[in-house]
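K.L.:
So TrEMBL lists the following for this protein:
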ACT_SITE  Asp401  active site, 4-aspartylphosphate intermediate
BINDING   Asp401, Thr403, Asp818, Asp822  Mg(2+) binding site
BINDING   Asp401, Lys402, Thr403, Glu500, Phe541, Lys564, Arg598, Thr678, Gly679, Asp680, Arg792, Lys798, Asn821, Asp822  ATP binding site
DOMAIN    45-96  domain 'P-type ATPase N-terminal'
TRANSMEM  21-42  transmembrane segment
TRANSMEM  63-84  transmembrane segment
TRANSMEM  90-108  transmembrane segment
TRANSMEM  284-307  transmembrane segment
TRANSMEM  327-353  transmembrane segment
TRANSMEM  875-895  transmembrane segment
Amino acid sequence: FPRSHATAAPLPWHLSMQCSLLKWVVLQFLFLFYRPFVCSLFPQNNSIKTSKYNFFTFLPLNLFEQFQRIANAYFLFLLILQLIPQVSSLSWFTTVVPLVLVLAVSGVKDAIDDFRSTLCDYLKGTFSCRLKDDKWMNIQVGDIIKLENNNFVTADLLLLSSSEPHSLTYIETAELDGETNLKVKQALTVTAELGENLQKLTDFNGEVKCEAPNNKLDKFTGTLTLRGEKFALDNEKMLLRGCTIRNTEWCFGLVIYAGPDTKLMQNCGKTTFKRTSIDRLMNVLVLVIFAFLALMCFILAIGNGIWEHDKGYYFQVYLPWAVGVNSAAYSGFLMFWSYVIILNTVVPISLYVSVEIIRLGNSFYIDWDRKMYYPLNDTPAQARTTTLNEELGQIKYIFSDKTGTLTQNIMAFNKCSINGKSYGTNLSVNGEAHTEKVDFSYNRLADPKFVFYDHSLVEAVKLDDAATHGFFRLLSLCHTVMPEEKKEGNLVYQAQSPDEGALVTAARNFGFVFRARTPETITVVEMGETKVYELLAILDFNNVRKRMSVIVRSPEGDLTLYCKGADTIVYELLDSSCGSLKEETMEHLNEFAGEGLRTLVVAYKNLQEDYFQEWHKRHHEASTALDGREEKLSELYEEIEKDLMLLGATAIEDKLQDGVPQTIETLTKARIKIWVLTGDKQETAVNIGYSCNMLHDDMEDVFIIEGNTSEEVLDELRTARKKMNPDSFLDSDDIIKFENPSTKSRILPEEQANGVYGLVINGHSLAYALEGNLELELVRTACLCKVVICCRVTPLQKAQVVELVKKYKKAVTLAIGDGANDVSMIKTAHIGVGISGQEGMQAVLSSDFSFAQFRYLQRLLLVHGRWSYIRMCKFLRYFFYKNFAFTLVHFWYGFFSGFSAQVGQFLCSFRCVRAACTFVGETFTLATLGGSAGCPLEWRRYGAGYIPLLTQPPFSSFLPPVSVVGTVECGLAVLHLP
């Protein structure tokens, strides 16, 4: 098809790599003033490149990377020395062979990995499109392409039309965010008319103006100008590269971003390299070894100079000096470099390779561990990185999400408050417990899996109570759920969050069945009567607003705004006439939160037709603006979401995962501090803290930080610290110097509290505490506490809290979560752990280790982490002992050979013995404390293949003495690690 005119703000970045600097500057100038001309010269194609090398750059780039390792660079220096006859007493191949072997092994590994990426790029770029037989890599911005069911989306597309009613298109975004639940996109009505008419699609002549390429998967801002009219474009009309078309026969899309400009490729940035304490220790040890080598060579060089001066000078007839050597001092100088070559065995060139082999073996032990396998969804534990295993045994701080991590994230409608009356208790009027479930058989569209025990709520619905009907009508209208009805009456809801699915299912069972939706309507069956509501506007939810609203017109013509959101937000928007109802509902909210339930407040507002039409006009102008669209829409949302009338509140139960309290108790005994970072309200978070055994009544105190200003937060933090550690306010306090910005060291020394304390801080106060002048006070106070709970926090604040501890504490941190809002926290911590739960797989995709249940963290840290650390320490001790044993023989032999840099053993056998010792050391290290020596393996089926599993605790007779503080599930001891 002829390409439509699609534009974006900056020059496509691939031009910067393809053009010279001067040419690039000229093109930038032309691009600003005559964009179509430049786009016609260099149209953006859809080819991508995720590999690091090509045929010409592999050798130089790979060698450059490998010689950044100190040991490799040192042996290259040795090779140069060996080419000097006056210096070397060994043949050059004695250094070339091991060096080339190490470089070749690493190079082949890098080449194989890079070839896979290149092959993947090629295969992804050679799929053919329909209508015109072409390849993905040849697709360019402005092309119109057709996709069919189960096709991958080839580029970032503007959805034009589809086979489904109202041009809806169902997609799966597993490759983008890991979520497998279907999401729906819908085309503009003006483009939906194009259908699959090829002539109309060919004649399509629109202009798209949009934002520059970026990595924000949930945001898109643009406009479509067609036939002189401007239409707003947002993320709901975009099909992003990496998605898969589902349940849709066909759809057409206009290419907006292609190749490296797609949002998927924009998110493929380099992962932060995480180094372990062992890596840092090895670098220090290598430098110490260099210093020791220099000292040995200096001693032998001095000895050679003295010997040549006193003895060798008189024996030149038998032992002539080398050509050019005319003094004992010069001879000693040459012997210094000769001994640098001979004593090179003390420098561990193969250490890095051996360490990687052991780490790989440790990773296999984690992957094969049957006790970390979750059979319900066939999910084994997975070590997604091989470089951090031994660091697991050194964890000091754990930062955990709550929902889906400590809890199951399977929501169930448990209780509610409607018009000041609480429903959901299983107690009757006389105090007896209800054991009989509510019978929903009168509703043929009810969900048979839904369980409720309070019969009074059903009676209120049947008696046509206006407030109750309004409550469930709101739940059936105010959401983004998509229904799927493959059989008559068999409804399946596709919800983007478990909360929404639970609320819509509750409304469905109580007689308000959400049946269907289109871009303009919502169909609800209310007590058996089908009603179609006109959907006029959706006021989206985000982390700032913490609420969502819809504006609908009922069949009777009434305009109503329905809103649901966090109580702290919605309560500020209520009309003053709701005073008494607000107090009653707040009592119920506190009661629900005290039971660990997740709460939302629901409200409504009747709108006037004249006002709404004027507001809707301004809303359309704001939604089509390219600059400041979000700010303008936010102001309009704030304007209309005022003077709301309170309907009630909902309470959803999210049960704890199995084994969470026991796991937290065991980790606490191992002197690991646990911080919970959650977006839930304070009461819910505190209740979960008690349920998980993090907080308990034996604590000296639990401090609540809830100040509304910087001064109040500072005062509350200092009051808490003064109670926990009064000595920290003395003039002799060593940490006072850290408040001086000129102090270079930022690591705070450890402080001890005079008891066991807990700390709870809300997101509003945390925002003040994270400011520059309060962060030191926050970290000092929080680190004195055994448990810290941060509630109502944003994803950014989660990462900031982790970074704060990394900044001021010399400790290894671990972050664990299950959702996209935990990704920043997982990437910031030293070690990130993802849980494959109900919120998709995005946390897993960003993590270093993953499994299905929180309780497996105990085994990961206290078993695999400890074993990995001990294996590595034992191997390093053996490796350095082996190197020094071989090297000191040469050193001592120098005293008996006139310091003449002679080799005392046959060189080949010497090298072979060293290699054999290295191999034996690696094998023995992996065999002890796990593996074949004392740890039998069993082959067990996982998915489509078989892998070996640990069937009993590995042999542990080689363990050093440790203090036992508890018992782990596997029968091993929970150990205090130094």
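Glycine too: its Cβ is placed from the backbone N, Cα and C atoms.
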K.L.:
Judged by the number of other CB atoms within 10 angstroms, which among Thr403, Asn821 is the least packed of the binding-site residues?
P.N.:
Asn821
K.L.:
Would you mind reading off the Cα separation of Asn821 (ATP binding site) from Asp401 (active site, 4-aspartylphosphate intermediate), to the nearest angstrom?
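P.N.:
On Cα coordinates alone, these residues lie 9 Å apart.
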K.L.:
Reported as an integer number of Å, what is the Cα distance between Gly679 (ATP binding site) and Asp822 (Mg(2+) binding site)?
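P.N.:
Asp822 (Mg(2+) binding site) has its Cα 11 Å from the Cα of Gly679 (ATP binding site).
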K.L.:
Of all the recorded positions given, namely Asp401, Phe541, Arg792, which is spatially nearest to Asp818 (Mg(2+) binding site) at the Cα level?
P.N.:
Asp401
K.L.:
Measuring C-alpha to C-alpha, could you say which of the binding-site residues Phe541, Arg598, Arg792, Asp822 are within 10 Å of the residue listed as 'active site, 4-aspartylphosphate intermediate'?
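P.N.:
Those close enough are Asp822.
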K.L.:
Are there any residues in the same chain, six or more apart in sequence, whose C-beta is under 8 angstroms from the C-beta of Phe541 (ATP binding site), and if so which?
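P.N.:
Set apart from Phe541 (ATP binding site) by at least 6 residues yet with Cβ under 8 Å, we have Arg547, Met548, Gly565.
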K.L.:
Fewest other Cβ atoms within 10 Å: which of the binding-site residues Gly679, Arg792 wins that one? Let me know.
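P.N.:
Each of the binding-site residues Gly679, Arg792 was scored; lowest Cβ tally within 10 Å is Arg792.
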K.L.:
Are there residues of the same chain, six or more positions away from Asp822 (Mg(2+) binding site), whose CB falls under 8 angstroms from its CB, and which are they?
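P.N.:
Those within reach of Asp822 (Mg(2+) binding site), by Cβ under 8 Å and sequence separation of 6 or more, are Asp401, Thr405, Pro795, Lys798, Ala815, Ile816, Gly834, Ala843.
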K.L.:
Across all chains shown, how many C-beta atoms besides its own are within 10 angstroms of the C-beta of Arg598 (ATP binding site)?
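P.N.:
A 10 Å sphere around the Cβ of Arg598 (ATP binding site) contains 23 other Cβ atoms.
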K.L.:
State the count of C-beta atoms found within 10 angstroms of the C-beta of Asp401 (active site, 4-aspartylphosphate intermediate), not counting that atom itself.
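P.N.:
There are 30 such Cβ atoms around Asp401 (active site, 4-aspartylphosphate intermediate).
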K.L.:
Give me the CA-CA distance between Arg598 (ATP binding site) and Thr403 (Mg(2+) binding site), in Å, as a whole number.
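P.N.:
Rounded to a whole number, the Cα-Cα distance is 10 Å.
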K.L.:
How far apart, in Å, are the two Cα atoms that lie farthest from each other among Asp401, Lys402, Thr403, Glu500, Phe541, Lys564, Arg598, Thr678, Gly679, Asp680, Arg792, Lys798, Asn821, Asp822, the residues recorded as binding ATP?
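P.N.:
Roughly 25 Å, rounded to the nearest whole number.
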K.L.:
In Å, rounded, how far does the Cα of Arg792 (ATP binding site) sit from the Cα of Thr403 (Mg(2+) binding site)?
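P.N.:
Approximately 12 Å lies between the Cα of Arg792 (ATP binding site) and that of Thr403 (Mg(2+) binding site).
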K.L.:
Determine the mean pLDDT over the domain 'P-type ATPase N-terminal' (45-96), rounding to the nearest whole number.
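P.N.:
Summing pLDDT over the domain 'P-type ATPase N-terminal' (45-96) and dividing by its length gives 64.
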K.L.:
So for Asp818 (Mg(2+) binding site), how many other CB atoms are inside 10 Å of its CB?
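P.N.:
Taking all protein chains shown, Asp818 (Mg(2+) binding site) has 30 Cβ neighbours within 10 Å.
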